[in-house]
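**Student:** My questions all concern the structure below.
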Amino acid sequence: MLDAFAEILEPADVQVGRRLSTLAEETDPRVELALALAVRALRGGSVCVDLRSVAEQTQLPDLPWPPVDEWLAAVADSPLLGTPPVLRLFGDLLYLDRYWLEEQQVCDDVLGLVAAKPGGLAPDVARLFPPGFEEQRAAAKVALSQGLTVLTGGPGTGKTTTVARLLALLAEQAALAGRPSLRIALAAPTGKAAARLQEAVQLEVNRLDAVDRERISGLQATTLHRLLGSRPDTSSRFRHHRANRLPHDVIVVDETSMVSLTMMARLLEAVRPQTRLLLVGDPDQLASVEAGAVLADLVDGLGSRGVAALQTSHRFGESIGALAAAIRAGDASGAVEVLAAGGEHVEWVAADTSERLREVLVPHALALRQAAILGDDGAALEILDEHRLLCAHRHGPFGVTQWNRQVQRWLAEATGEPTWASWYVGRPILVTANDYGLKLYNGDTGVAVATRDGLRAVVGGTVGGSASFATGRLTEVETMHAMTIHKSQGSQADEVTVLLPPEDSRLLTRELFYTAVTRAKTRVRVVGSEAEIRAAIARQAVRATGLRKRLKL
């Protein structure tokens, strides 16, 4: 039976399905198919497979799908659900055992924190959230009354302002109760996001009264991996866990949409029951690269029990904000209207795309190269963050690899010097794996800069500023004239160019387009046809999970 599903199953899915079925002495091909589909689901970011809707979601109804009720009954009777279980069934959702356990653990820990009611005198919320801050004030009241708060909002809605003032309120509450100064942790999934979080929160803290600044001084942001205590022998287990919990009184996690189910499970098991946990993010962005849609599940599953939503944007150029809002709302005609109107903050390139991209990309690459030749680390890093070219794909004519090569060709033509060596002056780089020894993290960015001692890689945006390395010490890096939209999460640039893939690309979704557009601080350029724009906005990413359902039980 599995051979008939070769159109949707990878060889690895089939191999795992057959091997585990054989070990459990399971001979029913329908169960074997269900197991292979559960393995396949993880590659697409789902934590389970919905057996009732999988035929519809794959858009291949003509495959020999088993009748659903008979299929579910066969799976329920399978020895694969025995002891110890390989599979778990939750309604129509089929899980590999590990992900069922992680999802149940996340649900239990979340509900435990929501139910925790911290005592103590309530500080005056109006002091830090005066009239005009109604959304933020509502968020503060949630956070003061329970152990877990989910704070959501798009770019410019004041999430960081709310976080800083909320920390001041929590510190005041501790002071009123005669407790010691709060131990506060700020964390984000990537080094770049952690650096942005620290910078943004510190700017807001600096605007507070002296007494508040004193109470929450010395804030330091870090990556989630570093907070939990990475171990060299494993990437999925940490020094802090249920038997050795984090010591902090308050933990703030930014960019929570990027946090996978597994990582959220590791975080929650390390949080003390009396700790205040504040999860901050934008549920309309792309979900984590690994399996799960935790932030979206929490927002839907908890509802008013623990979610505070900020909806008024204060920062964006009006047209970028209007474009982002139209995309988020699924209003394709509205998005096309904003793009067609153009203006200072928005540009739409639907024709002569290669020539327009050359006009944009070459001057930026040349300016970066000039700063690097002069050995000016600061200027090079500033120029690097002036522009990003974002692609949906890694490979193919619309992918990162192709556009990195194209910019290097144009650069070689403009300078008369080759750019084919692994390292060249002005090479923009992206760190692609965590290196705890060098304190470099997946998503960090930098530039190859000329020095008296030869080329050095200067990496910026790290917590604590920039750092310089011999190029030979950096093995997990790639050229970054272009980067994927997934990799851009947690960072921003002054100007962003979004290169949309063809409308039949499975990666072209509303969440991808929204994430790309909201990476821009002051100007966004969308390169693509109207059909591609409409296709992106019409297609929402769907991940099969059971967390929101569990939270509502």
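Including glycine, each Cβ sits where the backbone N, Cα and C put it.
Okay, so TrEMBL annotates it like this:
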{"type": "DOMAIN", "residues": "7-83", "note": "domain 'RecBCD enzyme subunit RecD N-terminal'"}
{"type": "BINDING", "residues": "G153, G154, P155, G156, T157, G158, K159, T160", "note": "ATP binding site"}
{"type": "DOMAIN", "residues": "481-527", "note": "domain 'UvrD-like helicase C-terminal'"}
**Student:** Quick one: give me the count of other CB atoms within 10 A of the CB of T157 (ATP binding site).
**Tutor:** 23
**Student:** Are there any residues at least 6 positions away along the chain from G154 (ATP binding site) with a Cβ closer than 8 Å to its Cβ? List them or say none.
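**Tutor:** When sequence neighbours closer than 6 are ignored, G154 (ATP binding site) has D282, D284, Q311, S313, A324, A325, R328, T518 within Cβ distance under 8 Å.
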**Student:** Under a three-state reading of DSSP, tell me whether K159 (ATP binding site) is helix, strand or coil.
**Tutor:** helix
**Student:** Among all protein chains shown, how many Cβ atoms are found within 10 Å of the Cβ of P155 (ATP binding site), not counting that one?
**Tutor:** 20
**Student:** Three states by DSSP: which one describes G153 (ATP binding site)?
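**Tutor:** The residue in question, G153 (ATP binding site), is strand (DSSP, three-state).
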**Student:** Could you give the number of helix, strand and coil residues in the domain 'UvrD-like helicase C-terminal' (481-527) as assigned by DSSP?
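**Tutor:** Tallying H, G and I as helix, E and B as strand, the rest coil: 12 helix, 17 strand, 18 coil.
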**Student:** When you tally the Cβ atoms that lie within 10 Å of each candidate's Cβ, which of the binding-site residues (G153, G156, G158) has the highest tally?
**Tutor:** G153
**Student:** When a 10 Å sphere is centred on the Cβ of K159 (ATP binding site), how many other Cβ atoms does it contain?
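**Tutor:** The answer is 22 other Cβ atoms.
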**Student:** Relative to the Cβ position of T160 (ATP binding site), how many further Cβ atoms are located within 10 Å?
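**Tutor:** Step by step: centre on the Cβ of T160 (ATP binding site), count other Cβ atoms within 10 Å, giving 22.
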